[in-house]
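Taken verbatim from Swiss-Prot:
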- 263, 381, 415, 513, 517: 1D-myo-inositol 1,3,4-trisphosphate binding site (BINDING)
- 317, 370, 404-415, 430, 450: ATP binding site (BINDING)
- 327-539: domain 'ATP-grasp' (DOMAIN)
- 497, 511: Mg(2+) 1 binding site (BINDING)
- 511, 513: Mg(2+) 2 binding site (BINDING)
């Protein structure tokens with residue numbers, strides 16, 4: 001990583017051009033259709049000013065380069081830049097990439113393609129006419145925008161011009177080189193997002209603004225981010241989201257954020273199934289997650305959404321069953337029966353012993369076999385549908401396991417999401433009735449992964465079972481169940497699946513999970529509910545710790 005330098009006699013071409021940055025930036029952003037798509041009116045709603053981030057090429061390009069056999073330098077992003085750009089793309093910040101005039105064609109072309117890929121503005125710094133307007137334009141920008149210029153090399157003239165017009169300069173490199181300059185220093189590119197987040201919060205000066213640090217696997221983060229869930233620019237209710245990086249000291253990051261939103265199960269390395277009834281004993285977490293857990297234990301007033309102890313029961317399908325059984329009191333005369341599926345825990349697939357257990361539990365075929373561990377490990381979603389006792393032989397589902405009755409439900413599943421105080425639901429196609437599955441099984445157990453290869457009813461099967469969905473479901477009953485589950489679980493955001501048994505009309509809750517994706521809920525409805533749920537939960541928990 002190059003050191004940061006202050007100089008008046010090096011980089012002469014760049015020194016002459018860099019003060020023109022704002023004029024060029026304005027021109028480029030006005031022409032950028034991709035940035036117009038970010039909807040400035042939406043962005044202005046939270047604090048009345050857009051936030052613009054200009055990334056100099058020096059912080060993006062790998063300074064080492066890679067020399068190929070032909071002695072040509074291979075242009076590449078420096079480590080950490082790809083993740084940074086991916087997150088900035090959905091941050092609701094106005095982002096542009098700039099570089100000095102005279103940059104080699106392969107480098108400028110690479111930067112232009114990169115800007116296009118991430119929907120950023122792009123500008124080579126060339127000499128415009130009418131440079132006497134420069135100061136007026138700089139003043140105009142600083143009056144209507146909160147602006148950051150990010151670089152790994154700072155020219156004194158540019159630094160002075162930017163600071164005179166209220167630009168924040170973030171410099172990556174050696175802090176000792178520039179002293180008393182007002183420059184914000186970072187050592188690594190991975191520090192930039194949390195630096196932006198805390199600077200924006202400071203600029204807002206609003207006690208209702210909170211920085212939310214979040215932890216989850218990359219694929220889940222990207223899914224949420226693409227839907228606008230994690231803006232660094234404040235949400236409508238003043239939440240600023242920033243990912244916590246395991247590449248940086250976590251203690252300092254946790255001191256900068258107000259709360260942590262997490263999907264703790266994404267950070268599970270291993271679970272001892274023999275300890276599942278006494279979670280968290282027997283769970284091995286990633287080093288980063290383990291450090292967060294220790295920090296929270298040592299700082300009892302620190303807010304996490306949601307408390308780890310409230311989530312552990314959802315890792316065990318036996319404990320989930322026991323929670324769902326407590327909902328059966330909601331059933332009343334004149335209403336459908338609300339219940340959990342009938343089940344049995346087993347330690348072995350031994351035929352003779354199993355036959356006896358099934359008789360005692362009053363379970364009959366077909367049965368779904370599920371691992372007792374509900375999530376956090378690779379095989380937690382490997383399941384099987386069994387039609388007769390002989391099919392347990394050589395079954396690959398991990399033990400211990402639970403056997404659940406298979407419920408004919410007309411190939412419809414109702415997915416419910418509790419997001420704070422709001423409850424949403426969606427209807428999805430599901431597995432066919434047992435008779436269809438048995439005829440296609442070829443006399444073998446039907447094995448599947450419930451996240452990837454779940455057998456779904458065909459169009460013909462759906463037509464055979466066609467019933468108006470509104471007549472199938474007692475929404476009021478299930479919403480009452482959602483409210484009771486919220487009390488029992490102590491969770492801010494959770495989901496559960498309901499099927500309606502064709503023969504009886506029973507409403508059976510077949511799955512329960514923490515922080516689902518709720519993809520089926522329209523983003524314009526789901527995201528405000530998501531932000532409100534987080535803020536309300538934080539404020540409620542803070543009140544509890546202060547009383």
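For all residues, glycine too, the Cβ spot is worked out from N, Cα and C.
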Remark   = CA pair residue 497 (Mg(2+) 1 binding site) / residue 414 (ATP binding site), Å rounded to integer, equals 6
Rounded to the nearest Å - Cα separation of residue 263 (1D-myo-inositol 1,3,4-trisphosphate binding site) and residue 412 (ATP binding site) = 28
Key: Candidate binding-site residues 381, 511, 513, pick with smallest Cα gap to residue 414 (ATP binding site)   = 511
Request  = Specify the count of other C-beta atoms within 10 Å of the C-beta of residue 414 (ATP binding site).
outcome  = 22
Key: Shortest C-alpha distance to residue 410 (ATP binding site) - which of the binding-site residues 381, 511, 513, 517   = 511
Query = Where residue 517 (1D-myo-inositol 1,3,4-trisphosphate binding site) and residue 408 (ATP binding site) are concerned, what is their Cα separation in Å, rounded?
reply = 26
Message = How many Å separate the two farthest-apart Cα atoms among the 1D-myo-inositol 1,3,4-trisphosphate-binding residues 263, 381, 415, 513, 517?
response = 20
Task = Give the number of CB atoms, excluding that of residue 513 (1D-myo-inositol 1,3,4-trisphosphate binding site) itself, located within 10 Å of its CB.
result = 17
Query = For residue 406 (ATP binding site) and residue 513 (1D-myo-inositol 1,3,4-trisphosphate binding site), what Cα-Cα distance in Å is obtained after rounding to a whole number?
reply = 20
Note = Looking at the binding-site residues 404, 430, 517, the one with the fewest other Cβ atoms inside 10 Å is 517
Task = Could you round the CA separation between residue 408 (ATP binding site) and residue 511 (Mg(2+) 1 binding site) to a whole angstrom and send it over?
result = 16
Separation of alpha carbons, residue 317 (ATP binding site) and residue 513 (1D-myo-inositol 1,3,4-trisphosphate binding site) (Å) = 10
Ask   = Is residue 410 (ATP binding site) helix, strand or coil when read with DSSP?
value = coil
Within 10 angstroms of residue 317 (ATP binding site), Cα basis - binding-site residues out of 381, 415, 511 = 511
Inquiry  = Out of 317, 381, 412, which of these binding-site residues shows the lowest number of other CB atoms within 10 Å of its CB?
reply    = 381
Request  = List only the single closest residue to residue 381 (1D-myo-inositol 1,3,4-trisphosphate binding site), chosen from the binding-site residues 404, 412, 430, 511 by CA-CA distance.
outcome  = 511
